[in-house]
Amino acid sequence: MALYGKKTDLSSASSGGYTGVADVYQLWHYHARGNGNIGDKPSYTLEQARDQITRGNITWNGEKVFGKSAALTYSFLQSVADSDMPDNFKGFVKFNAAQIQQTKLALQSWADVANVTFSEAKDGERATIQFGNYTLTPDGNTDNNSQAFGFYPGNWKWAGSAWFNYNQADNQRPDINEFGRNTLTHEIGHTLGLYHPGDYDASDGNPGYKDVTYAEDTRQFSIMSYWNEGYTGGDFHGYHAAAPHDIAAIQKLYGANMSTRTGDTVYGFHSNSGRDFYTATDSKTPLIFSVWDAGGNDTFDFSGYSANQRISLISGTFSDVGGLKAMVSIAAGAVIENAIGGSGHDVIVGNLSDNRIDGGAGNDVLYGDGGADILTGGAGKDIFVYAWEKDSLSSAPDTITDFQRGEDRIDLSAFNKNHDLRFVDNFSGKGNEVVLNWDSQSHQTNMWLHLSGHETADFLVNIVGAALQPSDVIV
């Protein structure tokens, strides 16, 4: 999977010392994957990981029937005799109120991303997906070791059922930010046809990360994984809804839900998403999610955090938010248009949409990418980065709303790898020229770049409220 598709190699642009370009370049390539090995394991593209997690080719519509929606029912079992329990487990306990509530939220999170609907079965109706607890091992002893198990779609009695060890406290109270919610979502994934990313199982003895098929088999990339995200550089203690590879996998099986959050949705602080895992209520709330969003003009609002953050609006990439690493991502195919940073020193990278990016307080680095972006640095010494001419075309220019001379800088060093970019009063037609034109009526500087030597400038940025000078520009 090509995540970036840039035409400019920025690695050498930052070689002469610190520039904002260096930070942008690092974030572009943060957790890039699918190119060679990481350690002794191959790195998988999104498509390879998706196919690995769906390698059983099982759906509720039949074997190898992909992309077709499914209307499923669920129920909470009320009683099961020991002789009738699956895999010879014993000691049935029905779901408590907390489990029922959290299960409905977990089901909802799967329905958000794929064309599966869930409705509670009527009394006496055999549900597609059934939930129950167990407490005893097959030999009748108290089970203090296992966590849970679930069965794939099928046509036998316990196909599509999920079972949880009631002796585990986090299964009894599977709240958000607790492992029990992760377990619920994981087991529901099995009932929908998702496999572990590798050929391992808790019943296989003592499997470990050494047994993975590919390097990204951790909970950073898939809630179906057994392995801690620390193996791949994350540090956020697991998802509570589908992760990037899971979203791609479940959408392969049932199709993408294109009616999910088609309005203007805010994720993070001031969230209107209606989902607990997308919502931060205070600076101590960890945000751990991979967002699927089908439309609208949407915003990442991470304004309540004081830690330095790295926020990427590029589909398929990860962000460091709220002091944790790689715990927010955007699922492939989803578009988030806007970002608001916090009071730390943030790096924010936009995408090809018309982005609104607000760095907040702190010394921030902002990069809008393509589109007619509106960039606000906020308080602090900010750097506005441009990497190639399509970042701010003269036909669709960016606007920097609050440039402060002597504090902020504009970084054009990516254009100047040959050290031939020069400031002039008027274009000569030779190319690689910059004109700074102060417009007293609009109270803004128009920064024009003429790279090709043609009659029309290739690049324009409008800088509000500042009579820009060459010393304000990093070349």
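Just so you know, glycine gets a Cβ as well, placed from its N, Cα and C.
Database features (Swiss-Prot):
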BINDING   His186, His190, Tyr226  Zn(2+) binding site
ACT_SITE  Glu187  active site
BINDING   Arg261, Gly263, Thr265, Asp293, Gly295, Asp298  Ca(2+) 1 binding site
BINDING   Gly296, Asp298, Glu337  Ca(2+) 2 binding site
REPEAT    340-357  repeat 'Hemolysin-type calcium-binding 1'
BINDING   Gly342, Gly344, Asp346, Gly359, Ala361, Asp364  Ca(2+) 3 binding site
BINDING   Asn351, Asn355, Gly368, Gly370, Asp373  Ca(2+) 4 binding site
REPEAT    358-375  repeat 'Hemolysin-type calcium-binding 2'
BINDING   Gly360, Gly362, Asp364, Gly377, Ala379, Asp382  Ca(2+) 5 binding site
BINDING   Gly371, Asp373, Asp391, Asp398  Ca(2+) 6 binding site
BINDING   Gly378, Gly380, Asp382, Asp408  Ca(2+) 7 binding site
Given a 10 Å Cβ-Cβ cut-off, pick out the one of the binding-site residues Gly296, Gly371 that has the most other Cβ atoms nearby.
Gly371
On the three-state reduction of DSSP, what should I expect for Gly344 (Ca(2+) 3 binding site)?
coil
Compile a sequence-ordered list of residues in the same chain as Asp298 (Ca(2+) 1 binding site), six or more apart from it, whose Cβ lies below 8 A from its Cβ; state 'none' when nothing qualifies.
Arg261, Asp264, Thr265, Val266, Tyr267, Val335, Ile336, Glu337, Asn338
Binding-site residues His190, Asp293, Gly359, Asp364, Asp391: which have a Cα within 10 Å of Ala379 (Ca(2+) 5 binding site)?
Gly359, Asp364
Roughly where does the repeat 'Hemolysin-type calcium-binding 2' (358-375) sit in mean pLDDT, to the nearest integer?
98
Filter the binding-site residues His186, His190, Gly377, Asp391, Asp398 down to the ones within 10 angstroms of Gly368 (Ca(2+) 4 binding site), Cα to Cα, kept in sequence order.
Asp391, Asp398
For the repeat 'Hemolysin-type calcium-binding 2' (358-375), what are the DSSP-based totals of helix, strand and coil residues?
0 helix, 6 strand, 12 coil
Whole-number Å distance between the CA of Asn355 (Ca(2+) 4 binding site) and the CA of Gly378 (Ca(2+) 7 binding site)?
16
